[in-house]
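Trainee: Feature annotation from TrEMBL assigns domain 'RecF/RecN/SMC N-terminal' to 3-332. According to TrEMBL, the feature ATP binding site maps to G30, A31, N32, G33, A34, G35, K36, T37.
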Amino acid sequence: MRLDRLRIQGLRCLHEVDLALAPGINVFIGANGAGKTSVLEAVFLLSHARSFRSGAREALLARSASRLSVFAELRQANDRLLRLGLGREGARWEARIEGEGASLGQLIAECAVTCFEPGSHALIAGAAEERRRFLDWGVFHVEHGFLDIWRRYQRALKQRNSLLRAGMEQGSPLYGPWETELSALAGWIDSQRRNYLERLRPSLHACVAALLPELGAPELRYRRGWADDRDLHEQLEAQRGRDLGRGHTSLGAHRADWSLAFEHAPQREHLSRGQEKLAALGCMLAQARLYADHHGDWPVICLDDLASELDEAHQASVIAQLTESGAQVLVTGTCLPEPLRGLPHRMFHVEQGQLTPLL
Ligand SMILES: Nc1ncnc2c1ncn2[C@@H]1O[C@H](COP(=O)(O)OP(=O)(O)OP(=O)(O)O)[C@@H](O)[C@H]1O
């Protein structure tokens, strides 16, 4: 899929931006703080309804604006053109598809964006939440019902946590229904996640090994969030006493995690920061490739500050993979990354939130 047109209003320093994008490579060049990453942030919002940057959602809204919005004309496989919009006024997101109100789930089902940025190494070295998000984004695009089940799971979890925080005694019958619900939903979530990881495994091996051949074969490991030998319902009941002390539910699908280990770097601590980044990028490219296999359409690929994240050989390897795939690519930098010289691309100069196409 590709963005033919992108309009951004009231996002950080981007007050009013309207761009016609090239189907292939688009490069955004400008000084620090010019607004390059914010363009990628806008694109990412359409497919995740959140930013890839940490920090409060309120910070996305330009200081002088009361509303932020992102609008895109998205061309999908088979040349279908979709008009998508996402706006935020106050604390609420509002999605639109073809001018009609839509749920966030409907919006993100239509638009797929993968973004590699300076914080991406967190996928390898950061908290488990980052990896669960990655995994669940992939699962959602194979099985859209996932979002609904995940929300129901979160509601049941909240209820059990409220009982724990209220100090409800271990033997209370109030726990039972929530534990039954959690256990049934977690079982479904776990099986979807396993299926997805099994499908991801071959492209993950190929993409990660292509970027990090020196580390040998990668191995994908998954933990579902509760012990393998008994069902969750039983474990939750047995765990009530300890959970009461902690004030939250310590077992379940919200505790799942996955990791990558390498033949020549069996522990995460064996990876350099650059290798963490490359491993994260490999995972993202693998996910994008699996998406393309499933939907017949590559996600839009964003590469923030590519030249300062990767050495030139790795930049060239990524660009070669993406050029071959035919994916639309949005790259930012303070200058044109060396491997892009000589390749067809559209370039935009970014300065104080203003974008100018360069010929
Ligand atoms: N809520 C906001 N309202 C107005 N301006 C903001 C807001 N949040 C951030 N900014 C400004 O918007 C700009 C955003 O910069 P962005 O991170 O997109 O720049 P960049 O070109 O990617 O920079 P770098 O090369 O340093 O990474 C910065 O100048 C920042 O100070």
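Keep in mind that glycine also has a Cβ here, set from the backbone N, Cα and C atoms.
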Trainee: Based on a Cβ-to-ligand 1 distance below 6 Å, what subset of the binding-site residues A31, N32, G33, G35, K36 would you report?
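Mentor: Near the molecule: N32, G33, G35, K36.
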Trainee: What average pLDDT does the predicted model assign to the domain 'RecF/RecN/SMC N-terminal' (3-332)?
Mentor: 94
Trainee: Between the binding-site residues A31, A34, whose Cβ has more other Cβ atoms within 10 Å than any of the rest?
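Mentor: Of the binding-site residues A31, A34, the highest Cβ count within 10 Å belongs to A34.
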Trainee: Sort out the sequence-distant neighbours of G35 (ATP binding site) for me: same chain, 6+ apart, CB within less than 8 Å of its CB, listed by position.
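Mentor: Expected: R12, C13, L14, V350, Q352, G353, Q354, L355.
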Trainee: Whose Cβ lies within 8 Å of the mean position of the Cβ atoms of G30, A31, N32, G33, A34, G35, K36, T37, the ATP site, other than those residues?
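Mentor: Going along the sequence, the neighbours appear as T332, T334, V350, E351.
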Trainee: Given a separation of at least six residues and a C-beta threshold under 8 Å, show me what packs close to T37 (ATP binding site) in the same chain.
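Mentor: Once residues fewer than 6 apart are set aside, T37 (ATP binding site) is near R53, E117, D304, D305, T332.
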Trainee: Cβ atoms within 10 Å, counted per site: which of G30, G33 has the most, among these binding-site residues?
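Mentor: Per the Cβ count within 10 Å, the most buried is G30.
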Trainee: Near K36 (ATP binding site), how many other Cβ atoms are within 10 Å of its Cβ?
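Mentor: Excluding its own Cβ, K36 (ATP binding site) sees 25 Cβ atoms within 10 Å.
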Trainee: In sequence order, what residues of the same chain, 6+ apart, have a Cβ less than 8 Å from the Cβ of N32 (ATP binding site)?
Mentor: T334
Trainee: Going by DSSP, is G30 (ATP binding site) part of a helix, a strand, or coil?
Mentor: strand
